[in-house]
Amino acid sequence: MPPAVKAGSRPPWVGLAAAVWVQVAAGSAYTFPLYSHSLKSVLGYNQRQLTMLGVANDFGENFGMIPGVVCNRFPPWLVLLIGGACSFLGFGVLWLGVSQTVSGLPFWVLWIALCIATNSSAWLGTGVLVTNMRNFPLSRGPVAGILKGYIGLSAAVYTEIYIGLLRDSSTKLLLFLTLGIPGICLAMMYFVRPCTPSLEEDSSEHGHFLFTQISSILLGLYLCATTVLDDVASPSDAVAYSLFAVMVLLLLAPLAIPLKMTLYPKKSKKIGSVGPSGSSDCLIEGNLDKSEPLLAQSSSTTNAGSIQEADDVSDVDILLAEGEGAVKKKRRPKRGEDFEFREAVIKADFWLLFLVYFLGVGSGVTVLNNLAQIGIAAGVDDTTILLCLFSFCNFAGRLAGGAVSEYFVRSKMFPRPIWMTCTQVIMIITYLLFASGLNGTLYASTALLGICYGVQFSVMVPTASELFGLKHFGLIYNFMLLGNPLGALLFSAGLAGYLYDVEAAKQNSGFHDALSNSCLGPNCFRITFLALAGVCSLGTLLSIILTVRLKPVYQMLYAGGSFRQPRSLNH
């Protein structure tokens, strides 16, 4: 076990700052629209084959069951190392194919390579998210919003690199991903490590999170501005490198927090009477202090006369005690406590949350995977602006979803899924706007969809941790993420890709040139968008049911204005 670190000290904030860089690197799956046109033109694929590669992209990105198990048994640095190796291997094969260094690679080889490449995102995202959620257990909303926000912003970071430094070269981008992501993993894996969490509210934390959120917003605005500048003015190499340097400085902004804590350390409180367990500053290596706050006595807790189960009692001791009749058989956990995965999957709330998330992000990822073709069909010459806009709004939705849901859950005890309900209603309207094909609505629809898509992520993450605990959060969270590739398979490959090719065949019957696979006009995706509006209608209904079910749970967990720590916090 790693040595315990005093609550409120610098290491958790250093780890959060390092996690920002890892999350940006983990957004490599969002670069698919930047090189998908090269896969189609260089390798001669049709739209359905391209959407199947999009399924591989999403499947690899979100298949995190193995990382979820590994992160509970091994340190974060090993999880990051495996993620970097996946990126090197997978993107390396894609680079060999697109650059035609190796010609004639079969479609299935590229499909598997793309799965492996984007599976690095699952390893990196799981490693940093689980570690930081455990390091900041009382600030799950802000942590989830910030980390998921940066991974949403990563598409804009990669777009800036693609346009400004790599000059729109898909081959160079794939080589950059092959070498750059492993390099970031090696540089940051020492700093992302578990620390003993603070189990008391700290007023300074709010300011630190606010600073990180503001710096991320500034980075997002800067990336949007530079992307437009690159597209309009085509700056020189010197200017492009200068813009890239400013971007790096903004990415380093979260390091200002541990730097400030170093230069202006907070005066430690004198040891006084802190209760029968002794000082609250005394932390035992590898375990939490036994004076950690428990859930308040209520109908959801055990009876006062029952034997209290100590967190540091091993499973073997419990089994022996059960055999001797000393204690009763371990009761099933209740919502807000730590669930094992097999205990969580038999709960109705687990599947409701999964279905709501699947319908929301599954429909959104269909648009993301086909964003370049949607733009071309609408007559947009440069679709990188669309990708940057979606990326920034996706980031804004993730950041706002974490912050807004945290505010209302603390002040009004609103269940977090209520925001999934609201955004899925907006998504219905957005898909109808896409389907209408009205002039001037493409950019607005893309922006709205990006915001709503981002909210689904940042709300699902803390909701899953609050309902089912942090002990097995990595596995539970990664199972939820399977909604992404499942949606891509059903809605993107099975629906959008098929309908696009049918319409393209109608428009290009009799032609056999390079453009015969292209489709123009609103009919290319109209039926798809109408179907997605129906999908989100079902998601809205299910999220209302989930919100109603969880209302008493959140009233219990946040009755005191902050999350009341469950007893089973032995991570």
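The backbone N, Cα and C atoms fix where each Cβ goes, glycine too.
Going by TrEMBL, these are the annotated features:
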- 12-32: transmembrane segment (TRANSMEM)
- 12-259: domain 'Nodulin-like' (DOMAIN)
- 77-98: transmembrane segment (TRANSMEM)
- 105-125: transmembrane segment (TRANSMEM)
- 145-166: transmembrane segment (TRANSMEM)
- 173-192: transmembrane segment (TRANSMEM)
- 238-259: transmembrane segment (TRANSMEM)
- 347-553: domain 'NFD4 C-terminal' (DOMAIN)
- 350-368: transmembrane segment (TRANSMEM)
- 374-397: transmembrane segment (TRANSMEM)
- 418-436: transmembrane segment (TRANSMEM)
- 442-463: transmembrane segment (TRANSMEM)
- 475-500: transmembrane segment (TRANSMEM)
- 527-548: transmembrane segment (TRANSMEM)
If you count Cβ pairs under 8 Å, which stretch among 145-166, 173-192, 442-463 touches the transmembrane segment (418-436) the most?
442-463
Please tell me whether the transmembrane segment (145-166) and the transmembrane segment (238-259) touch - that is, whether there are at least 3 C-beta pairs under 8 Å between them, with each pair 6 or more apart in sequence.
yes
Please give the sequence-distant neighbours of the transmembrane segment (238-259): residues at least 6 beyond its ends with Cβ less than 8 Å from one of its Cβ atoms.
10-11, 13-14, 16-17, 20-21, 24, 157, 160-161, 164-165, 208, 211-212, 215, 218-219, 222-223, 226, 229-230
In the same chain, which residue numbers or ranges, 6 or more beyond the ends of the transmembrane segment (105-125), come under 8 angstroms Cβ to Cβ?
22-23, 25-29, 39, 43, 45, 49, 52-53, 56-64, 67, 79-80, 82-84, 86-87, 89-91, 93-94, 96-97, 147, 151, 177, 181, 185, 478, 481
Can you tell me which parts of the same chain pack against the transmembrane segment (12-32), counting only residues 6+ beyond its ends and a CB-CB cutoff under 8 A?
5, 53-54, 57-58, 60-61, 80, 83, 87, 91, 117-118, 120-121, 124-125, 127-129, 131-132, 135-136, 143, 146-148, 150-155, 157-158, 162, 173, 177, 180-181, 184-185, 187-188, 191-193, 195, 197, 208, 212, 251-252, 254-255, 257-258, 261, 368-369, 387, 391
By Cβ distance under 8 Å, which residues at least 6 away from the ends of the transmembrane segment (77-98) in the same chain are close to it?
22, 26, 28, 35, 38-39, 42-43, 60, 67, 70-71, 105, 109-110, 113-124, 126-128, 170-171, 174-175, 177-179, 181-186, 188-190, 192-193
